[in-house]
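The following features are taken from Swiss-Prot:
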BINDING   142, 166  Mg(2+) 1 binding site
BINDING   246, 247, 453, 455  Mg(2+) 2 binding site
BINDING   251, 368, 380, 455  5-methyl-UTP binding site
REGION    56-66  region 'Interaction with the primer terminal protein'
REGION    227-572  region 'Initiation, polymerization and pyrophosphorolytic activities'
SITE      9  site 'Essential for 3'-5' exonucleolysis'
SITE      11  site 'Essential for 3'-5' exonucleolysis'
SITE      90  site 'Involved in binding template-primer structures'
SITE      119  site 'Essential for 3'-5' exonucleolysis'
SITE      119  site 'Critical for 3'-5' exonucleolysis'
SITE      120  site 'Essential for 3'-5' exonucleolysis'
SITE      251  site 'Probably involved in nucleotide binding selection'
SITE      380  site 'Probably involved in nucleotide binding selection'
SITE      387  site 'Probably involved in nucleotide binding selection'
SITE      388  site 'Probably involved in binding template-primer structures'
SITE      495  site 'Probably involved in binding template-primer structures'
SITE      497  site 'Probably involved in binding template-primer structures'
């Protein structure tokens with residue numbers, strides 16, 4: 001008999017000296033009439049022991065702290081051996097919570113346990129967005145989180161409705177996922193499983209063989225993220241009119257149309273020599289460099305005390321640098337930089353194939369373009385979650401919770417643990433091609449480029465640039481969508497900028513439009529780490545380095561669980 005599954009949620013107090021759950025709710029996924037809302041954590045945990053089901057909380061990092069704190073205070077201890085009256089967790093080194101598995105004992109050989117998962121890992125959006133995107137017949141409401149609610153507080157009708165809506169939105173969304181066969185712990189795992197189902201596991205293992213951990217570690221040194229760069233010319237200055245374009249599904253579009261690696265790599269010494277059987281390669285290279293006049297810098301060196309990890313470099317400084325580069329990245333560097341004292345050390349070369357992901361992407365593109373609501377959103381999720389799984393870090397050493405003397409949770413690093421890599425070369429080349437796409441477009445607009453962010457280019461002026469004029473479309477895979485046109489803007493640093501975007505009013509809402517159609521502007525604030533509450537305080541006058549405001553909730557572990565304490569956010 002399949003295990004029952006429930007969507008769950010806690011509402012908690014906001015005081016450091018009185019941290020507790022004042023309301024809980026659970027609803028069975030696939031049977032929405034089976035739900036309960038109550039006001040006692042003890043009562044909820046009693047149900048957890050009896051139900052032996054799979055539970056989903058949206059943001060387990062928060063709610064899970066209350067559960068683990070309760071378990072520790074009630075005689076349960078952490079163990080990964082499945083012993084009675086113990087619990088196991090999957091919490092990453094970075095503090096991401098994936099699972100809590102509570103073992104109550106055994107009936108014969110059958111383990112009596114309840115497993116708690118994070119629905120945020122399967123649906124990585126706020127509840128409000130899920131309700132809207134999935135076109136569910138519910139809306140996430142609002143309550144006063146800071147109201148006084150003493151122990152035994154009687155839940156008001158408004159609070160009851162709020163909690164019920166929250167658990168029902170997630171229950172409905174997960175039910176749709178499960179009925180589509182998306183039953184893994186994360187969206188990325190669902191996506192990888194979907195790809196294997198199309199290719200077949202046997203063929204997958206042949207095309208993408210398991211590499212040794214030492215080889216994976218070396219190849220991983222060529223793995224880099226998106227290209228995010230602000231042109232110094234426009235830094236901290238108010239700019240006039242401009243445009244933003246972004247690539248439709250940047251990473252899937254590279255997977256669809258670019259030559260990508262497969263099979264076991266061949267190690268080579270020295271400089272790569274042309275090999276038609278193995279045309280893709282990663283080159284380990286030591287060199288000095290100087291940016292050419294009129295070119296965008298593309299070299300970023302992380303985990304090096306001599307360089308800022310987020311800075312794109314104009315020169316190599318006093319010493320040569322050593323980098324692992326795909327042939328895609330190396331080609332860009334050779335175009336953008338003068339290279340000196342070059343030493344080609346060694347590398348890996350790969351077979352190539354275009355279209356490995358064609359069937360998978362075609363399948364989900366069809367769903368995305370022909371369906372609405374939930375199925376469309378699931379298609380987008382499947383679409384965007386696959387590339388990252390290939391480069392999953394095999395080091396899965398996690399954190400282990402324990403109870404500190406003050407009754408709060410602490411975390412220590414667990415024993416070293418590794419899993420097999422998936423196929424890191426694929427992630428390395430997909431991201432390299434993505435950077436190539438963005439950088440080559442930006443470089444062709446050198447006299448206009450303000451800013452790049454992974455899949456987007458921000459330009460001065462209101463003319464569509466020549467390099468993309470024939471590939472502008474709001475939906476086509478790999479084409480550039482015209483995101484917006486702004487009247488004025490100010491950029492301070494990567495992922496920190498404001499814009500007055502041309503807009504018009506339609507049915508009481510401001511819709512972005514061309515300058516010719518505009519009747520007003522829409523103020524947009526993009527700032528990593530800044531909450532919506534603080535964004536409401538931002539203006540063109542006060543938006544600068546040093547801007548500071550309260551309104552950023554900071555989680556603090558205390559006796560009982562977690563309290564979100566108001567803290568100060570500063571643009572540095």
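Keep in mind that glycine also has a Cβ here, set from the backbone N, Cα and C atoms.
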Revision key, fill the gap. Counting other CB atoms within 10 Å of each candidate's CB, the least crowded of the recorded positions 9, 246 is 246
**Study point:** Cα-Cα distance linking residue 246 (Mg(2+) 2 binding site) and residue 9 (site 'Essential for 3'-5' exonucleolysis'), given in Å to the nearest integer
**Key:** 36
Practice item. Give residue numbers and ranges for long-range contacts of the region 'Interaction with the primer terminal protein' (56-66): same chain, 6 or more residues beyond its ends, CB-CB under 8 A. Key: 5-10, 12, 20-21, 29, 41, 89, 95-100, 116-120, 122-123, 127, 166, 170, 174, 409, 555, 557, 560-562
**Study point:** Cβ atoms near residue 119 (site 'Essential for 3'-5' exonucleolysis') (within 10 Å, other residues, all chains)
**Key:** 24
Review point. If you take the centroid of the Cβ atoms of 246, 247, 453, 455, the listed Mg(2+) 2 site, which other residues of that chain have their Cβ within 8 Å of it?
Key: 245, 250, 438, 454, 456, 457
**Study point:** Alpha-carbon spacing, residue 455 (Mg(2+) 2 binding site) to residue 251 (5-methyl-UTP binding site), which is rounded to whole Å
**Key:** 9
Practice item. Give me the Cα-Cα distance between residue 120 (site 'Essential for 3'-5' exonucleolysis') and residue 166 (Mg(2+) 1 binding site), rounded to a whole Å. Key: 13
Exercise for review: Give me the non-local Cβ neighbours of residue 380 (5-methyl-UTP binding site): same chain, 6+ apart in sequence, Cβ-Cβ under 8 Å, ordered along the sequence.
Suggested key: 368
Revision key, fill the gap. Neighbour count check, CB within 10 A, over recorded positions 368, 495; minimum at 495
Revision key, fill the gap. Here the recorded positions are 11, 387, 453, 497, and the Cα closest to that of residue 251 (5-methyl-UTP binding site) is found at 387
Point to revise | Neighbouring recorded sites, C-alpha within 10 angstroms of residue 453 (Mg(2+) 2 binding site) - of 90, 119, 495 | key: 495
Point to revise | Greatest inter-residue Cα distance in Å for the 5-methyl-UTP-binding set 251, 368, 380, 455 | key: 20
Revision key, fill the gap. Taken over the region 'Initiation, polymerization and pyrophosphorolytic activities' (227-572), the predicted model's pLDDT averages 95
